[in-house]
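*Asks:* One structure, as structure tokens, below. Some questions next.
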Amino acid sequence: MTKDPKITAKEIINIIKIDNIHSYTNCLTRLRLNIKKNNIDLEKLKSIPNVLGVINVSSNELQIVLGPGFVNKVTEEFSQLLKANNSKDDKFMSASEVGDIVKQNLRTNKNWIQDFFTKFSKIFSPMIIGFIGAGILSGVGGIIQSSYGGTVNLKTAPAVVVSWFNALNLILNIWKNAFIIIVGWRTCEIWGGSGVLGAMTAALFSPVFSNSILPMIVINNKDSINYLGINITNPTTNWLTVGFRPVIKNDQIIFSYPSGNILGALLTAYASLWIEKIIRKFTPGILDTILTPTLTLFLLLIINIFLIIPISGYLYSAVAWFFSNLYTNPFGAFVLSAIFLLSVSFGVHQGFVPIYAILIEKTGVNGLFPILAMAGMAQVGTGIALWFLANKKSLLRRQIQGAIIPAIFGIGEPMIYGITLPRIRPFITASIAAGFGGFFLGSIYLWGNVHFGLNSMFGPSGILATFMMTTQDKNIGLGVLIYLLGCLVSIIFGILVTLFGYSKISRIGTSKMKEIYKNDQYKLGYKILLTVIFITIIGIFIYWIISYYKLPKQERIKLANIKVE
């Protein structure tokens, strides 16, 4: 099938209609549209050649899955077609008008939580490619570092190697600092505020800026500490300074940049939104350009110093503690891996990005990423199982053959929206199998005492993520080995759980379980008793086996010939 981005963009616009589009953006694989009316023929949209899937996220949000690389070309053509139409139409909307529409949709949309997470994920979508590129370059730097015994300096390596090692890591360091500022900009922009105001105050949480600013506002003498004219007696516990991570070294207090990191940037950006709107509401039009930004920035500075920096510091520590204990625990890792496919299917998986940032800051590696990546590898195993369960020369087999290679390389949308999700059962088996992959990695963390993960906040998924794996002590070989073993475990369990999920016992058992809750012939007490038994998990399997063997032998034989379609 030829991939013509212009034709694809035209066909999408023909179905959705130009006057029904508010705004658009794209991530690695999806064209994300903000629409006025959700009266679109989704089946017609799905039938467009090269469209891999369509997600109807909310009443005003559509995500069209196009795949990596191709989505960028379609978005570019999409943009050109919209610009050509706008040149004939003089009706434009200001940022505040767009913000009012978004606010109205939030109020009228019943599923406001889902809508919030959709907008939240939009903050990070355009930034993912930056982390992938910078992370891979840093990974090359990590390989250089490993080849010189873990330390690259003029004593251990030639000058040219030291220079290139520093240059490769420089890109990632620049991006880590710029990222915080861009988060502030995007947050305000998406919710209808002025991006530049959010970016300026979010810079307070960027290490490179904060390290320069901190000595200007915290006067640290040997005998006393002065914070904006306030004398601080116990800086390690004082509300105003605790967010700056004070530590005692050689009998002297040393401060660092605010520990809030990305949480601080998000909080200050949200504060910027509301402050700007309130000030603009009461400011005369003639003074709006001068007073609104000046007062907003001043109030944000005060709020950050006395409220957001301390709060975000405590939040940062709490979130870091929670997820550090959750994903390094086999059972917690099981749950995280198992729910990740569901978050991808709703398009809110980028909500994990702030947690990635916290973990990188706290531990030096993104240990959560490989655990969540097990979901994609479990889908590969599910695809293999379905291929064997399907009829020869069937449509399902052809679909799997087209989707399984991209899934191995981390592009899971064709497998999710084309194969597992429409059939539901394989989607559930893939999620369970992913949990076993997560359990394996969580076991390595807890019982093997090895902390490994991605060397960057974000990276490619699937087998491609292998090149960015490392351990906390920079052992790349061990990090790669653990990740590959996790992938293998997920694929194997994907095959086994799916085969069992389509077994005669499983099909009869699930059918009988549905009857319990749908059929009125069962008394409430009996339903409650069975529910308690099912909660034990083992009770489910016992019930399935009993239900299966209660069937007449002839019916059991018939089930053996049923194939997946």
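Glycine too: its Cβ is placed from the backbone N, Cα and C atoms.
Found this in TrEMBL, in case it helps:
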type	residues	note
DOMAIN	5-88	domain 'PTS EIIB type-1'
ACT_SITE	C27	active site, phosphocysteine intermediate
DOMAIN	118-509	domain 'PTS EIIC type-1'
TRANSMEM	123-144	transmembrane segment
TRANSMEM	164-185	transmembrane segment
TRANSMEM	197-219	transmembrane segment
TRANSMEM	254-275	transmembrane segment
TRANSMEM	295-319	transmembrane segment
TRANSMEM	331-359	transmembrane segment
TRANSMEM	371-390	transmembrane segment
TRANSMEM	402-420	transmembrane segment
TRANSMEM	427-448	transmembrane segment
TRANSMEM	476-503	transmembrane segment
TRANSMEM	524-546	transmembrane segment
*Asks:* Hey, would you say the transmembrane segment (295-319) packs against the transmembrane segment (254-275), going by three or more CB pairs under 8 A that are 6+ residues apart?
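*Replies:* Checked: the transmembrane segment (295-319) vs the transmembrane segment (254-275), in contact.
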*Asks:* Give residue numbers and ranges for long-range contacts of the transmembrane segment (476-503): same chain, 6 or more residues beyond its ends, CB-CB under 8 A.
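*Replies:* Hits for the transmembrane segment (476-503): 139, 142-143, 146, 337, 365, 370, 373-375, 377-386, 388-389, 425-426, 428-430, 432-434, 436-437, 440-441, 444, 450, 452-453, 463, 465-467, 469-470, 564.
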*Asks:* What is the number of residues in the domain 'PTS EIIB type-1' (5-88) that are helix, strand and coil, as DSSP sees it?
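*Replies:* Secondary-structure breakdown of the domain 'PTS EIIB type-1' (5-88): 37 helix, 23 strand, 24 coil.
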*Asks:* So which of 197-219, 371-390, 427-448 has the most C-beta pairs under 8 Å when paired with the transmembrane segment (164-185)?
*Replies:* 197-219
*Asks:* So which of 197-219, 371-390, 524-546 has the most C-beta pairs under 8 Å when paired with the transmembrane segment (402-420)?
*Replies:* 371-390
*Asks:* Same-chain Cβ contacts of the transmembrane segment (197-219) under 8 Å, 6 or more residues past its ends?
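*Replies:* Residues packing against the transmembrane segment (197-219) from afar: 176-178, 180-189, 225-228, 241, 244, 255-258, 260-262, 264-265, 268-269, 271-273, 276, 293, 296-297, 300-301, 304-305, 309, 312.
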*Asks:* What residues in the same chain, six or more past the boundaries of the transmembrane segment (524-546), come closer than 8 Å to it by Cβ-Cβ distance?
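*Replies:* Distal contacts: 505-506, 508-510, 512-513, 516-517.
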